[in-house]
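Over in Swiss-Prot, the protein carries these features:
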- Ser50: D-glyceraldehyde 3-phosphate binding site (BINDING)
- Asp85: active site, proton donor (ACT_SITE)
- His86, His178, His208: Zn(2+) 1 binding site (BINDING)
- Asp106, Glu136: Zn(2+) 2 binding site (BINDING)
- Gly179, Gly209, Gly210, Ser211, Asn230, Val231, Asn232, Thr233: dihydroxyacetone phosphate binding site (BINDING)
Amino acid sequence: MAIVSAEKFVQAARENGYAVGGFNTNNLEWTQAILRAAEAKQAPVLIQTSMGAAKYMGGYKVCQSLITNLVESMGITVPVAIHLDHGHYEDALECIEVGYTSIMFDGSHLPVEENLAKTAEVVKIAHAKGVSVEAEVGTIGGEEDGIIGKGELAPIEDAKAMVETGIDFLAAGIGNIHGPYPENWEGLALDHLEKLTAAVPGFPIVLHGGSGIPDDQIKEAIRLGVAKVNVNTESQIAFSNATREFARNYEANEAEYDGKKLFDPRKFLAPGMKAVQGAVEERIDVFGSANKA
C-alpha cells in the first residue's frame with residue numbers, strides 16, 4: 001500500500017480495540033528498521049520525525065523523500081503515514097507543504113484559547129490536502145528535543161473543545177512523560193483516561209511517552225480508548241545497548257566477519273538497527289496491531 005494519511009487506520013484501531021505505533025526515526029537506518037518491522041508484522045505504522053530529528057536529517061523535505069522512496073524501494077505493502085511529532089505552527093505548515101501525510105501541531109505551551117484557534121487553522125489547511133492532524137491538551141511531561149513539560153492531567157473541557165476543532169486524534173496528558181520513567185513514577189492516571197474517553201466517545205486518544213510504561217498499563221489504556229502509542233526512547237536504548245555490545249566485543253565480531261575490518265559503518269550500525277527492528281516488532285505485538293494492515 002502507498003503512503004497514506006493516518007486518520008483511517010488510527011480510527012480503525014480505536015473502533016477495534018488495538019493501537020497503532022508512532023515510531024520516531026533519526027536516520028536512514030532507523031527508517032529501514034521501522035519499515036522492516038511493520039512489514040514483518042503486517043502492521044500499519046506512523047514513521048515520525050521530531051523537529052530536532054528532521055533538522056539533523058537535512059530538513060522535512062529530505063525526510064519525506066527518504067521515507068517515501070524507501071517504502072517504494074523496499075516493496076512495503078502495509079499502510080505507512082509520514083508524521084510530524086510535536087511540531088510548532090510553522091513546522092506543521094511546512095510539513096503539509098512538502099508532503100507529510102500526518103502532522104501533530106503542539107500548541108500545548110500556548111494559552112488554551114490560542115492553542116484551539118491555531119489548531120483550527122492547521123486543521124483547515126491540512127484537511128484541504130488530505131493530511132491528518134493530531135493536537136495536544138495537557139502538557140506531556142519530560143523532555144524531548146528541548147520541549148520540556150512537567151506533566152499533568154488534561155482538563156476534560158479542554159479536550160472536548162480541542163476535538164471540536166476537527167482534529168483526527170488527540171494527545172492528552174494522563175500522567176505520561178517523555179524519556180525514561182523515574183522509579184517514583186506513579187503510573188498512568190487510568191481513571192482520568194476513562195473520564196476523558198467518556199467525554200469524547202469513540203475518539204482516538206494518543207499516548208505519548210510510550211517507552212517504559214508497563215505493558216499491562218498500556219493494554220488497559222488501549223482498552224479505554226488509546227489508539228496510537230508513541231515510541232522513541234525504547235528504540236534509542238535498544239540501539240545504544242546493541243552498538244555498545246558490538247564495540248565491546250570488537251575482536252570477536254571481527255573474527256565472525258572473516259577478519260574484515262569493522263570500520264565499515266554498515267557493519268558497525270547493523271546490530272543497532274537489528275535491535276531497533278526487534279524493539280518495534282515487540283511493541284507492535286503489545287499494541288495489538290500485528291496483522292491489521
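Glycine is no exception: its Cβ is also placed from the backbone N, Cα and C atoms.
A quick note: this is a predicted structure, and the numbers were derived from the prediction, not measured.
Shown on the structure are the features that Swiss-Prot records.
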residue : record                                    : DSSP (3 states)
Ser50   : D-glyceraldehyde 3-phosphate binding site : strand
Asp85   : active site, proton donor                 : strand
Asp106  : Zn(2+) 2 binding site                     : coil
Glu136  : Zn(2+) 2 binding site                     : strand
Gly209  : dihydroxyacetone phosphate binding site   : coil
Asn230  : dihydroxyacetone phosphate binding site   : strand
All-chain count of other Cβ atoms within 10 Å of Glu136 (Zn(2+) 2 binding site): 26
Cβ neighbours of His208 (Zn(2+) 1 binding site) where a neighbour is any other Cβ within 10 Å: 29
Cβ atoms near Thr233 (dihydroxyacetone phosphate binding site) (within 10 Å, other residues, all chains): 20
Local Cβ density at Asn232 (dihydroxyacetone phosphate binding site) - other Cβ atoms counted within 10 Å: 24
Inter-residue C-alpha distance, Asp106 (Zn(2+) 2 binding site) and His208 (Zn(2+) 1 binding site) (nearest angstrom): 12
For the binding-site residues Ser50, Ser211, Asn230, the one whose C-beta sees the most other C-beta atoms within 10 angstroms: Asn230
Asn230 (dihydroxyacetone phosphate binding site) versus binding-site residues Ser50, Glu136, His208 - nearest by Cα: His208
Proximal residue to Val231 (dihydroxyacetone phosphate binding site) among recorded positions Asp85, His86, Glu136, His208 (C-alpha distance): His208
Other C-beta atoms that fall within 10 angstroms of the C-beta of Gly209 (dihydroxyacetone phosphate binding site): 28
Intrachain C-beta neighbours of the residue listed as 'active site, proton donor', sequence separation six or more, cut-off 8 angstroms: Gly22, Asn24, Gln48, Thr49, Ser50, Met104, Asn230
